[in-house]
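Report on the structure given below.
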Ligand code: XCC
Ligand code: SF4
């Protein structure tokens with residue numbers, strides 16, 4: 001009982017596995033994200049409000065939002081300009097991260113198609129055909145590799161498009177009414193202001209560079225113009241870079257299918273060589289998971305007295321291999337240090353994004369090999385094994401071998417693996433949802449129209465040390481289920497939901513009567529794991545397919561989004577492309593915009609009319625669920641259902 005209460009009362013996490021590990025951290029004095037956060041208090045309120053600027057060397061400048069200090073930067077920039085510029089830069093970085101990931105997949109598909117890479121293959125020819133058909137690429141009577149080369153070319157051209165028309169993936173995937181609405185908005189703003197304001201992205205790279213340019217000293221100072229470009233750049237991520245990553249990864253690595261997996265630190269095995277893959281790009285992690293099963297590596301593991309090589313995942317690359325290969329999920333963002341603290345991780349191998357640099361120091365307290373692999377994510381103190389997709393098998397094997405070599409150095413006396421795992425049914429791609437529904441969206445639409453399911457909430461994003469780990473994710477999700485709102489999502493939210501047992505079939509009992517009956521009938525959980533963060537594009541696609549089916553705009557549908565523990569700039573991009581796609585998005589913690597009243601008004605109010613999607617913030621998960629339900633009900637009544 002005391003144990004349970006202690007777990008409940010730990011302000012750092014609601015996950016019992018995390019709380020167990022944090023006790024060890026407290027006892028042993030291991031530095032961790034919570035402890036370092038405490039040391040940062042109080043954090044700078046200018047930064048929190050978004051009103052500091054260090055874009056030029058006359059600065060840094062800061063503007064007191066309470067009117068007690070200077071009201072302008074040295075150059076004359078207002079608080080709104082500064083806030084909007086900072087926000088735009090966040091959107092550019094977030095979009096670039098997702099999109100650069102997509103670029104690598106597109107280049108790999110080209111290399112596979114022209115035969116210069118033989119370590120990867122077309123694993124899902126049906127998906128290749130589906131993507132080609134969507135893009136208008138002829139398929140009849142053509143060789144598979146010719147079609148793949150054409151798909152790769154269209155994708156690669158989206159990055160470098162220099163023409164004014166929107167990038168091709170967006171043109172072909174965005175539902176008709178949304179595309180028309182954005183076009184009409186551009187026209188109307190031009191007419192009323194005489195100035196061009198673009199929302200439809202042209203080239204993926206161009207939109208990010210555009211932000212870097214317009215936020216240079218002395219360029220764009222207009223809050224609306226800066227926000228519009230932030231949305232445009234983010235749309236180039238959602239309907240461009242991320243979408244390309246998802247679609248082309250499916251072609252190369254296979255489209256995920258529904259499967260049952262295990263989640264939480266208990267997936268680590270005391271008797272096995274444990275390799276944790278962490279980061280975002282499955283081009284590497286899928287190979288590591290594959291090579292762990294090779295006869296050679298199995299024997300090598302046995303030779304050092306291990307049962308096997310056990311590959312498990314963290315964060316989004318974990319989601320990728322979880323969905324495709326059924327690899328166990330060790331945890332989300334805030335679990336990354338805790339995994340190493342178990343003393344049972346022989347190697348943690350990382351690619352890009354969301355990797356605490358603190359992991360290198362922490363790993364050095366153990367026998368754990370902390371292996372970086374990307375030229376874009378080098379970390380002092382790590383062992384760098386450069387990944388190269390043209391020698392993927394060999395390098396993945398070298399990584400596994402490094403873990404096997406480390407295993408005998410494990411200090412068994414220091415190993416502690418919390419026993420917690422939950423079962424999760426995952427892999428709900430649009431393809432799998434369609435299959436479960438019998439090949440058409442009509443049954444889902446009928447359920448929404450009849451009110452059996454009131455609407456759909458897409459939840460995304462991270463862990464953030466400012467929020468008790470997973471608390472917002474769990475409470476918000478269960479509150480929505482109760483209200484007969486189907487919950488879909490990705491990223492570290494999905495891991496939180498999996499660990500909490502919300503993706504287990506037994507979670508059906510948490511749903512309201514309508515949703516519960518549907519889930520029982522289909523044999524699915526009420527919370528659907530759609531993938532990694534780039535797979536937010538799967539949510540856009542689902543929303544788009546429903547909209548096109550009903551010949552309405554996405555903004556007419558009873559859909560709502562949330563990023564309740566968001567951390568990264570990528571989450572800003574995701575939120576912004578949801579809003580740009582017509583979906584209202586809840587955020588917590590507060591985004592750094594409140595120091596700019598005009599920017600705040602554009603994003604939380606004006607965007608409703610302009611885009612049909614907008615941001616709102618709410619600190620309390622139950623109140624957030626109330627607000628999300630209200631939006632869903634308003635949209636239902638506007639549709640007359
Ligand atoms: Fe990173 Fe994708 Fe956020 Fe998790 S959810 S902390 S972005 S791993 Ni994308
Ligand atoms: Fe200050 Fe303007 Fe320079 Fe920003 S751009 S640091 S507000 S002078």
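Just so it is clear, glycine is given a Cβ too, placed from its N, Cα and C backbone atoms.
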According to TrEMBL, 280, 316, 462, 492, 533 bind [Ni-4Fe-4S] cluster, and the residue from 233, 354 that belongs to that same site is 354
Could you look at 75, 158 and say which one TrEMBL places alongside 53, 56, 61 in the [4Fe-4S] cluster 2 site?
75
Under a threshold of 6 Å between Cβ and any atom of ligand 2, which of the binding-site residues 53, 61, 75, 280, 316, 492 are retained?
53, 61, 75
Here the 10 Å Cβ neighbour count for residue 492 ([Ni-4Fe-4S] cluster binding site) comes out at 34
Which state, by DSSP, holds residue 75 ([4Fe-4S] cluster 2 binding site): helix, strand or coil?
coil
Between residue 492 ([Ni-4Fe-4S] cluster binding site) and residue 56 ([4Fe-4S] cluster 2 binding site), how far is it from one CA atom to the other, in Å?
36
Candidates 56, 316, 462, 492, 533 (binding-site residues) with CB under 6 Å from ligand 1, in sequence order, are 316, 462, 492, 533
What's the number of neighbouring CB atoms sitting within 10 A of the CB on residue 61 ([4Fe-4S] cluster 2 binding site)?
19
Just to confirm: which same-chain residues, 6+ apart in sequence, have a Cβ under 8 Å from the Cβ of residue 53 ([4Fe-4S] cluster 2 binding site)?
59, 60, 61, 62, 73, 77, 82, 85, 86
